[in-house]
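J.: Got a structure for you, written out below as structure tokens; questions coming shortly.
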Ligand SMILES: [Zn+2]
């Protein structure tokens, strides 16, 4: 490994700093490009520094990892990486973040058709929803799907699993936080545009229709420790069903203990983020403004080279993607909270969006922005020593570096760092329309424990398993809730007396619902924080024995506790006080429904609807049995 740089590199980097690119990191993890002579000389452009066998061998580190940071450049294919490098660092230069990862492979990204004769066959050009779902869940699915399989069954995500295993979690994007890439870690919907309670596309996923809710509402349920991005507009919408019906999602977030932050100053004031007080930072109504001002590609446009200009509307650098990445890492890795490690996903979203708009400078700026976030992640990982960093994209995109101005398709030319001209063509859409994604395989790069698993030709779904294995995630969430128990403060209550049930050991679940019987009274849906919850209850007015039955929303685990109501709240003479304060029951029915959020093909119940029905039927039967059973006498 070499850390020295030749005068050529230094001069290139100095220009880059004063030009388009931002600060250049000095640390080089692995340095195939550290030494250049003039590129016209024999060997002058080579990136290898002699034999790389030894540094490559030392870059292969056994897992497990304590932390994983997954960085996604949306739409960042090889073209987009090369274009940004050429522009900002030169053809012989190096992106300080993306190009510093020592282990690289390629992965396939195709999605699957959902319907008709082609159901299950490859769709060679995927969207961000299918591709994000692939790495978030390990299951290939259809375009438009957010972490549901081709039959609509919700699939457990890395973020959900990390949380269930006691790790801390974060989700950062320059897009609306409801956009597909951030959404795939926190929600399960059939249609990616189901952003909020007002989204007509939610259909059966809407809370009012008995579904899990819109992406924004599910985000609040999933409760990552840190969420940073855009998309505040959806949180001003009002819930139409559920316990928070009639309240805006911002009101709901605050009511459920979130620290809602809307400015860089707000974020700077946050000192801790955890399950009791997670951070929801939404800094723009929609997507973040881009770093560079937009350029418009035209037919013949590459005949007149331009330079990229700063976008005056860009957010302050304290809200750059690198800055938000550092904030998230700081909060997730704080000594008080980091004992079990963390999983963090970071997305540079608008490489894709500017590519769709045939905006060369826009996409270049967003790629540089992501690269700086990668550098921030690597700087942390290098110091930490137990962090796996993976950098990749979701799907390839339109932009191509071409030799001459295309006669029929849109193009733009930019003057690069070296003063040369790079012509960029957009040939998959008409002027003013949306350019298309493309179907080529993508680069995937890794650093740290377990990174060897990105090498070679893999599939996007491999990322799920690489990360789950690196973090040693137990994917059997029902097992993580199997030790659940409920404890009541005493065993006998007066009619109408209020008390709390303390629930512990329900790590596989994020919410709990329940019923107090005999006359059934619903228990409010309650957030389970790190396996524990405090559930406010009211003793029925009917004298006799009663049961509270609590059901974990994600695993279907059932916990019961029994108590007695007497007229004066005192035990009956002879000790007929029921069964005692705490009875845990996480077996039986729970094991029958633990596929509610499973992995298709590896689990018990492939369809949530079926699991929910089974749960409903089972829960009702259980309730009836308990209700009809004579009160046991001690
Ligand atoms: Zn796109």
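Just so you know, glycine gets a Cβ as well, placed from its N, Cα and C.
TrEMBL does not curate its annotations; it predicts them automatically.
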J.: Name the one residue among 347, 366, 372, 382 that TrEMBL lists for the same Mg(2+) site as 74, 179, 181.
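T.: Site partner of 74, 179, 181 for Mg(2+), according to TrEMBL: 347.
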J.: Give the distance between the Cα atoms of residue 181 (Mg(2+) binding site) and residue 202 (disulfide bond), rounded to the nearest whole Å.
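T.: Each residue's Cα considered, residue 181 (Mg(2+) binding site) and residue 202 (disulfide bond) end up 18 Å apart.
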J.: I need the nearest neighbour of residue 361 (disulfide bond) among the binding-site residues 347, 352, 394, using C-alpha distances.
T.: 352
J.: C-alpha of residue 74 (Zn(2+) binding site) to C-alpha of residue 347 (Mg(2+) binding site): distance in Å?
T.: 7
J.: Applying a 10 Å Cβ distance cut-off over all chains shown, what neighbour count does residue 352 (Zn(2+) binding site) have?
T.: 32
J.: Name the one residue among 179, 194, 308 whose Cα is closest in three-dimensional space to that of residue 356 (Zn(2+) binding site); these are the recorded positions.
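T.: Spatially nearest to residue 356 (Zn(2+) binding site) by Cα position is 179.
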J.: Identify which of the disulfide-bonded residues 194, 308 has its Cβ surrounded by the largest number of other Cβ atoms within 10 Å, counting every protein chain shown.
T.: 194
J.: Work out how many Å separate residue 194 (disulfide bond) and residue 394 (Zn(2+) binding site) at their Cα atoms, rounded off.
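T.: Cα-Cα distance, residue 194 (disulfide bond) to residue 394 (Zn(2+) binding site): 20 Å.
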J.: Could you state the CA-to-CA distance between residue 395 (Zn(2+) binding site) and residue 308 (disulfide bond) to the nearest Å?
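T.: A Cα-Cα distance of 25 Å.
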